[in-house]
Amino acid sequence: MADPEGTDGEGTGCNGWFYVQAIVDKKTGDVISDDEDENATDTGSDMVDFIDTQGTFCEQAELETAQALFHAQEVHNDAQVLHVLKRKFAGGSTENSPLGERLEVDTELSPRLQEISLNSGQKKAKRRLFTISDSGYGCSEVEATQIQVTTNGEHGGNVCSGGSTEAIDNGGTEGNNSSVDGTSDNSNIENVNPQCTIAQLKDLLKVNNKQGAMLAVFKDTYGLSFTDLVRNFKSDKTTCTDWVTAIFGVNPTIAEGFKTLIQPFILYAHIQCLDCKWGVLILALLRYKCGKSRLTVAKGLSTLLHVPETCMLIQPPKLRSSVAALYWYRTGISNISEVMGDTPEWIQRLTIIQHGIDDSNFDLSEMVQWAFDNELTDESDMAFEYALLADSNSNAAAFLKSNCQAKYLKDCATMCKHYRRAQKRQMNMSQWIRFRCSKIDEGGDWRPIVQFLRYQQIEFITFLGALKSFLKGTPKKNCLVFCGPANTGKSYFGMSFIHFIQGAVISFVNSTSHFWLEPLTDTKVAMLDDATTTCWTYFDTYMRNALDGNPISIDRKHKPLIQLKCPPILLTTNIHPAKDNRWPYLESRITVFEFPNAFPFDKNGNPVYEINDKNWKCFFERTWSRLDLHEEEEDADTEGNPFGTFKLRAGQNHRPL
């Protein structure tokens, strides 16, 4: 049988709704709405045709009611999500919506619709003059200017940022303070400045000239200019270990723990914290464990302190300013600063009296001694290397403070060249080779040199005899020539020997100058690489006595002519000069060794026969007697050196008082 019209089930259709309402009315004792008359006689006439037995109208009513409830719930949920987001940035009240209005369920659909809402009941709004932000940034105790920024909403409502909205109870019913339909009047909302760090950071970010504003606030807060403590780095990628940082708008809680947060990254820290109109201002002198660029430092501090990189001033400190060093020293021993780690040496040097006395006196002889010991003769190398010693050497620091650095540098280079030239002239060839061996580390092997000579079909005994006469400067044996095809290792072999013995290289390209032979005046051995036909013709015409090893006259620039015995000369060429009829007078003056085979390399491109300074040292030590290299016993000093130690300053007697 078909089911009768209507239904006897509970909680379904329209009967379910009225049944639940009836139970609530009978059992809970809720107050009856004002639109119903309690004294009226119930005749039942108002219930005629109240329930439509047609299923179409029941379904339509149920669908419309569900849609209205769903819409109201979605609007309320969206308002809560938007409220949380706006509360984070605007510090709004938890009871107010982001638009400053309270959402209500539209009661026009049914007088009882609000009572069966699935959401929790509305709480009463409380009067709060000052809201406490819990966004994580904390509040600052420093007074800040009150800023009210009002923006027209989409429906004409007022949206306030940078402050909280005061919820005021005017005695009306709940939910009547505002609505979401946008038809209410746009009333002025009073904003009370929360004086929180996030609002203060917004003020700083709104400033057009942030750099100038931060410098001005720093000077007002600390009483001195930030530029008095730092020097300027134009590039953000220049690395340095010491940095001075001024950080604005820091959370007070985070500022208190900054010392602990920064400790794993630094060797020394000097931290000061004061309040400014933008929050807590941190001034810190940091020495990192390794060199860092400004970008790296800013990114690290921004991560630790939750402050934008644009709210920081980061520059390296002044390392030679007594005023800056004294500021760090005096504030470091006071209770305004927190200091950890060893004090940087530049602060100690500028604040200790003895260092100040030592830095004020520059001794040129000490600089010359340093350049002589380090075998420096170029002025640029001297200036750079000596400036690097300023942190540890008081004389170098005094050199940097002097206004006559260029004069001192030129005098030092000149004196060093004179001493070096005189020392070399006083040594014979044996002493000079021994001196060069003393400057080279151990660990060489003489076998690659011998194997390379055998590879080029050169008898080792013959080569030793020629080298012996060559080093002694024997007449007619004063010139060695390595000839052969290209890529046979002639220049590689000759240049390695010249590098070991610190000889001079002359180039025929400068032969048009009168001074192209001037390097021969300050060397023990000379070399000319890749002599051509024109070069051999020049030697045959003008330099026969030089190849003989006899005294020659050499013109020098800005100096008079000098007469000296020509040092041994080593030449490489692709031409066999002894077999060419154009130079018959050179055959008796040169000793020629042919290199017929191409120089070998392994599969990695490295030379099979490695010839370097260590191998040449081992070679001369091995063939010392065969080359007839002897030293007199009195040439060595008390410490066993092959020559006396050169000292420009008298020894100091260090004895206690």
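Placed from the backbone N, Cα and C atoms, the Cβ positions cover glycine too.
If you look up Swiss-Prot, you'll see Gly484, Pro485, Ala486, Asn487, Thr488, Gly489, Lys490, Ser491 marked as ATP binding site, on the strength of sequence analysis. The Cβ of Gly489 (ATP binding site) has 22 neighbouring Cβ atoms from other residues within 10 Å, across all protein chains displayed. Gly489 (ATP binding site) falls within neither a helix nor a strand when secondary structure is assigned with DSSP, and so counts as coil.
Under the DSSP three-state reduction, Lys565 (SUMO cross-link) is assigned to strand. Taken from Swiss-Prot, the feature SUMO cross-link covers Lys565.
Positions annotated as phosphoserine by Swiss-Prot: Ser110.
Taken from Swiss-Prot, the feature region 'SMARCB1/INI1-binding' covers 147-444. Model confidence over the region 'SMARCB1/INI1-binding' (147-444) stands at 80, taken as the mean pLDDT rounded to a whole number.
According to Swiss-Prot, the region 'Disordered' annotation covers 155-188 (among others).
The region 'DNA-binding region' annotation in Swiss-Prot covers 193-359 and rests on sequence analysis.
Annotated region 'Disordered' per Swiss-Prot: 633-657 (among others), in sequence order.
Sequence annotations record features per position, and here Swiss-Prot assigns motif 'Nuclear export signal' to 109-118 based on sequence analysis.
By a simple count of nearby Cβ atoms, those within 10 Å, the most crowded of the binding-site residues Gly484, Pro485 is Gly484. Around the Cβ of Ala486 (ATP binding site), the number of neighbouring Cβ atoms within 10 Å comes to 9. Rounded to a whole number, the distance between the Cα atoms of Lys565 (SUMO cross-link) and Gly489 (ATP binding site) is 30 Å.
For Ser491 (ATP binding site), other Cβ atoms within 10 Å of its Cβ number 16.
Taking the centroid of the Cβ atoms of Gly484, Pro485, Ala486, Asn487, Thr488, Gly489, Lys490, Ser491 as the ATP site, the other same-chain residues with Cβ within 8 Å of it are Thr572, Asn574, Phe595, Ala598, Phe599. The Cβ of Lys565 has fewer other Cβ atoms within 10 Å than any other of the recorded positions Lys490, Lys565.
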